[in-house]
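Student: Right, I'll just put the structure down here and ask away after.
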Amino acid sequence: MIRLLGTKHLLGHRLWIKDFPKPTKQIQIPYLIVGGGISGLSAARQFHKKGISDFLIVELENHLGGNSSNGENKYSKYPLGAHYLPLPNFQDKELLQFLEEEKIILKYDEKGFPVFDELQLTFAPDERLFYKNNWQEGVVPKEGNLISDDLEFEKFFKKMDVFRTAKGEDQKYLFDIPLHLSSKDEKTRALDKITMKQWFTDNHFTSEPLYNYIDYCCKDDFGLGIEYVSAWAGIHYFAGRKQDSTPEKHDSVLTWPEGNSCLANHLKKYTKDKSLKNHLVYEVKVENNKVIAKAFDDVNKTSVEIIANKVIMASPQFVNQYLINDRKAFTKDFHYTPWLLATLVVNDLFDNFSFPLSWDNVIYDAKGLGYVYDQHQTVNQVQDKKVITYYYSFSSADLKKTRKELYKKDKEYWKQFVLNDLKVAHPDIEEYTEDVEVFLLGHGMISPAPGFIFGEAKKQAKQNIQNKIYFAHSDLSGISIFEEAFHQGINVVNEIVDGTTVDS
Amino acid sequence: MGKKFLRFEFLLLFAVFIIATCGLIYELVAGTLASYLLGDSVKQFSFIIGVYLFSMGIGSFFSKFFNKNLLNTFVEIEILVGLIGGLSSVVLFLLFESVGSFQFILYLFVFVTGFLVGLEIPLLMNILKDRVEFKDLVSNVFTFDYIGALLASILFPLVLVPKLGIMGTSLFFGMINVSIAIALCFLLKRELKKPSLLRAKAIFSFVLLLVFFIFSNDILAYSEGKLYGENIIYTNSTPYQRIVLTHNKSDYRLYLNNNLQFSSADEYRYHEALVHPAMSMAKSVENVLVLGGGDGLAVREILKYKDVKKVTLVDLDEGMTKLFKTNSVLTNFNQNSLNNPKVTVINTDAYIWAKNNKEKYDVAIIDFPDPSNYSLGKLYSLNFYQTIKTILKPNAAVVIQTTSPYFAPKSFWCINKTVMQVFPQVDAYHVYVPSFGEWGYTIAINGFRTTFNTVNRKADGLKFYNYQFDRFNYFTNDMISNQIEINRLDNQILVRYFDEEWGKLQ
């Protein structure tokens with residue numbers, strides 16, 4: 001069985017021509033949230049915390065969660081996007097608070113460190129890499145390197161350790177999460193002007209395994225590889241997370257079979273009876289001191305007019321440019337990497353048994369980013385069938401062109417593409433695969449190409465419109481991670497309710 | 001005439017060559033088998049070569065007593081060498097376990113083969129002495145003899161043993177040996193007396209060897225069981241494990257995935273020590289839980305207490321519990337405990353079961369396989385013990401099989417330390433089980449209303465445990481390990497310790 005699924009790109013494309021019926025219904029609501037991804041859901045939670053309950057969240061898909069959604073088959077849940085949350089930085093009290101509310105942090109120990117729920121931390125063994133025809137522990141190539149490779153790895157990680165703890169003159173971390181807390185240090189921000197590859201060369205690195213490893217890491221977090229990603233973003237991957245919330249300095253992550261859908265579900269409770277799904281908002285404008293939003297109901301094929309005092313656009317900027325006037329000029333600087341996810345049901349996963357199946361299984365020099373074993377976080381002894389999710393990001397110089405090609409290929413093509421990429425480590429995988437579900441995300445995540453994070457486009461896109469229309473989305477931070485979206489949602493509500501603004 | 005004679009001579013010389021090759025092969029087979037079965041290969045090979053050469057000498061000595069029908073005798077010896085040499089490995093394999101005097105039989109075979117080969121050369125020289133010049137005769141016979149020896153010693157380790165196996169090799173060369181005899185019967189039928197009788201003998205021997213050759217794998221499989229010192233009386237592969245039950249004299253042994261689970265000779269030590277301390281300390285024993293332990297031996301011990309009203313056994317493998325409910329040899333061991341009306345057997349994943357279970361227990365006996373992989377390691381994690389705590393009554397006692405504190409001290413104390421994070425009172429103890437070695441347990445009490453030295457009740461008729469717990473919780477320095485981490489699902493440090501410690505021993 002092969003299925004080809006994806007986000008509702010065809011409905012989305014109707015925004016280009018806007019052939020929607022005239023509204024036949026009207027809704028009045030003080031606060032409207034457009035977009036049910038993590039930013040929108042986090043805004044809903046923050047409204048709740050501020051004692052505000054008269055808000056409505058509108059979502060195009062038939063479910064809330066955005067990139068933090070999941071699928072489920074007979075054997076397991078599996079992610080359809082984001083699938084883990086690194087342990088938060090100790091200073092990120094908002095996030096720690098959320099994790100404590102949801103019993104992901106169970107308590108704080110006598111030294112003040114959070115105690116994470118053992119069942120939600122990645123079980124051991126967490127990572128393995130297929131390198132030089134062997135599975136080895138961890139994703140850093142180790143066994144089989146040249147001595148010169150090992151020395152470069154050592155040098156590289158030392159540099160990252162320095163970046164991780166270094167602060168600028170403003171006493172802020174050079175690299176922090178959320179990103180806007182990072183130092184304004186000019187020299188560091190200049191790194192956003194060059195690619196990670198440039199930085200690699202400038203720092204006299206030459207090792208191929210190191211190059212591949214950094215390329216893998218960049219794609220993992222940003223979709224873009226070392227050739228195209230901003231060096232500031234590339235370094236942020238390693239230095240942004242302080243690994244300071246456990247006494248052992250763990251770099252482990254929290255994960256669930258359904259991926260970050262678990263976190264989205266925690267947030268969804270704040271939107272009970274306050275959400276409108278299958279609704280595509282196609283126009284938002286200020287009129288008579290109110291915001292008028294028009295939405296198309298994809299189930300009943302009718303349109304609705306929503307009249308709100310304030311609107312939070314928790315939708316990505318490539319969508320917003322079609323809803324609100326005068327946004328196309330700066331939106332063209334927002335680039336989004338397409339992603340492909342393939343969830344496979346396999347009877348077995350034979351390999352050469354050099355290191356056991358782990359949560360994250362990476363194949364060195366493969367096209368994709370490897371696969372996640374979706375049942376890893378279960379306590380069972382045995383599984384009838386194994387469910388794995390393969391990740392592939394379309395890193396390229398021309399993402400638009402890539403996206404067009406993505407939708408041209410059929411499911412058989414993608415199935416073969418995925419299997420061929422996995423065959424390096426699992427030669428028999430095709431024989432053992434009984435089901436493949438391919439999920440395409442045309443605009444998978446915002447891509448921090450050089451100049452974007454500290455550029456003008458982002459700054460302009462963030463500006464609220466007449467204190468009526470506000471913007472909150474991870475693409476406004478520049479990197480697509482849970483923490484950014486989570487803070488975007490909180491900050492926008494604080495701005496609306498308390499009038500506080502977050503500088504950047 | 002000259003041409004025909006030449007053929008006669010060469011035929012016999014070729015026979016010498018084959019005899020020499022085969023003779024050495026039999027010697028090598030005997031040496032390999034002896035070192036394989038008895039160990040100490042230097043000694044075995046040395047003795048066998050010595051005995052073989054010596055017996056060849058004896059054979060040569062006795063050759064002078066053969067005066068009549070030399071050619072017939074030669075062919076008969078050829079058949080006999082093929083038959084005895086060819087069958088030697090089969091007989092030795094099959095007899096290894098059942099015969100006390102295995103070495104005697106081994107050397108008897110070597111001697112007989114050597115003796116017969118020793119007879120042949122002088123015999124042959126006697127046959128040819130009147131037809132060939134003595135100088136040529138000696139030189140030719142020994143040349144072929146030694147070439148054959150070289151060929152055999154090169155082929156044996158490089159080609160024969162890898163391709164045919166030891167048994168196959170000896171049978172194959174037995175057949176070659178006998179086929180030379182058959183060929184001689186046909187080619188020299190004018191020189192031989194009663195060639196048809198000789199031919200019949202030869203063909204019969206050949207067929208016999210061929211039959212054994214065809215079935216050599218089955219014979220090997222049968223004898224392999226004996227090789228491990230035990231008869232395999234039952235094997236079954238369930239979806240979870242391979243169960244093998246063996247029998248040797250009065251001892252039955254159960255292997256799960258080739259790991260010894262119990263030996264009937266001393267399992268009472270393991271199971272009395274597993275069950276009775278916890279059962280005697282617990283506040284109450286009405287409701288008892290067993291996790292793992294599908295063999296029903298722990299349940300047998302539990303049922304020795306009259307106060308026990310209910311026993312719940314959770315074991316993943318239905319194949320295992322079914323076997324121990326139905327096989328009469330096995331129900332004899334567990335005294336039919338799994339069919340006792342007080343006992344409920346649940347075949348499911350213990351971890352998942354414990355998470356969903358609502359009932360609470362007075363005693364929990366946890367008898368899982370050793371943490372040899374990441375799946376099993378989960379059953380020794382902090383979260384697992386926290387889960388177990390939720391299904392225990394206050395002051396319940398829980399005992400956990402904790403691998404060997406002698407072979408794997410880090411693993412042992414890792415489990416112990418992990419349990420300490422969860423229960424208010426925790427101790428460790430160990431016993432000597434001959435078939436396992438020094439074996440240990442972690443014991444905990446879910447409260448403070450009883451202690452490890454409290455004996456609330458006793459069962460009668462124990463062979464080993466005497467209810468003096470403080471005799472078992474002392475550990476000598478070689479069984480102690482410090483600086484141990486707690487085993488959690490996200491570090492699975494125990495599996496690493498276990499691998500490191502048992503890996504060293506393998």
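Including glycine, each Cβ sits where the backbone N, Cα and C put it.
So TrEMBL has the following annotated:
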- B:12-38: transmembrane segment (TRANSMEM)
- B:44-62: transmembrane segment (TRANSMEM)
- B:74-96: transmembrane segment (TRANSMEM)
- B:102-125: transmembrane segment (TRANSMEM)
- B:137-160: transmembrane segment (TRANSMEM)
- B:166-188: transmembrane segment (TRANSMEM)
- B:200-222: transmembrane segment (TRANSMEM)
- B:206-446: domain 'PABS' (DOMAIN)
- B:Q241, B:D315, B:D349, B:A350: S-methyl-5'-thioadenosine binding site (BINDING)
- B:H271, B:D295: spermidine binding site (BINDING)
- B:D367: active site, proton acceptor (ACT_SITE)
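Show me how these features fit into the shown structure, please.
Tutor: Long-range contacts of the transmembrane segment (B:12-38) within the same chain, counting only residues at least 6 positions beyond its ends with a Cβ under 8 Å from a Cβ of the stretch, are 44-45, 47-49, 52, 56, 74, 78, 81-82, 85, 88-89, 92-93, 96, 102-103, 106, 109-110, 113-114, 117, 120-121, 124, 127-128, 140-141, 144-149, 151-153, 156, 160-161, 166, 169-170, 173-174, 176-177, 180, 184, 227.
Sequence-distant contacts of the transmembrane segment (B:102-125) (same chain, six or more residues past either end, CB-CB distance under 8 Å): 12, 15-16, 19-20, 23, 26-27, 30, 33-34, 37-38, 47-48, 51-64, 66, 70, 73-74, 77-78, 80-81, 84-85, 88, 91-92, 95-96, 137-138, 141, 145.
Beyond the transmembrane segment (B:166-188), the same-chain residues lying 6 or more positions past its ends with a Cβ under 8 Å from any Cβ of the stretch are 7-8, 11, 14-15, 18-19, 21-22, 25-26, 29, 32-33, 36, 71, 74-76, 78-79, 81-83, 85-90, 93, 156, 160, 195, 198-199, 202-203, 205-206, 209-210, 212-213, 216, 219-220.
Residues belonging to the domain 'PABS' (B:206-446) score a mean pLDDT of 91 in the model.
In this structure, B:D315 (S-methyl-5'-thioadenosine binding site) belongs to neither helix nor strand by DSSP; it is coil. All chains included, 26 other C-beta atoms sit within 10 angstroms of the C-beta of B:D315 (S-methyl-5'-thioadenosine binding site).
Annotation for B:H271 (spermidine binding site): same-chain Cβ neighbours under 8 Å, separated by at least 6 residues, are B:F262, B:L297, B:A298, B:R300, B:E301.
In the three-state DSSP scheme, B:D367 (active site, proton acceptor) is classed as strand. Sequence-distant neighbours of B:D367 (active site, proton acceptor): residues of the same chain at least 6 apart with a C-beta under 8 Å from its C-beta are B:L274, B:V290, B:L291, B:G292, B:G293, B:A298, B:Q401.
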Student: What's the CA-CA gap between B:Q241 (S-methyl-5'-thioadenosine binding site) and B:D295 (spermidine binding site) in angstrom, rounded?
Tutor: 14
Student: Where the distance is taken from Cα to Cα, which of the binding-site residues B:D315, B:D349, B:A350 turns out closest to B:D295 (spermidine binding site)?
Tutor: B:D315
Student: Can you work out which residues elsewhere in the same chain, 6+ from the ends of the transmembrane segment (B:200-222), have a Cβ less than 8 Å from its Cβ atoms?
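Tutor: Those are 75-76, 79, 82-83, 86-87, 90, 93-94, 165, 167-168, 171-172, 174-175, 178-179, 181-182, 185, in sequence order.
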Student: Hey, which of our recorded positions B:Q241, B:H271, B:D295, B:D315, B:D367 end up with a Cβ under 8 Å from chain A?
Tutor: none
Student: For B:A350 (S-methyl-5'-thioadenosine binding site), list the number of other Cβ atoms lying within 10 Å of its Cβ atom.
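Tutor: By my count, 25.
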Student: For B:D349 (S-methyl-5'-thioadenosine binding site), which residues of its chain lie six or more apart in sequence with Cβ-Cβ distance below 8 Å?
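Tutor: Same-chain residues close to B:D349 (S-methyl-5'-thioadenosine binding site) (Cβ under 8 Å, separated by 6 or more) are B:L316.
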Student: Work out the three-state DSSP category of B:H271 (spermidine binding site).
Tutor: helix
Student: Over all shown protein chains, what is the count of other CB atoms within 10 A of the CB belonging to B:D295 (spermidine binding site)?
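Tutor: For B:D295 (spermidine binding site), the 10 Å Cβ neighbour count is 26.
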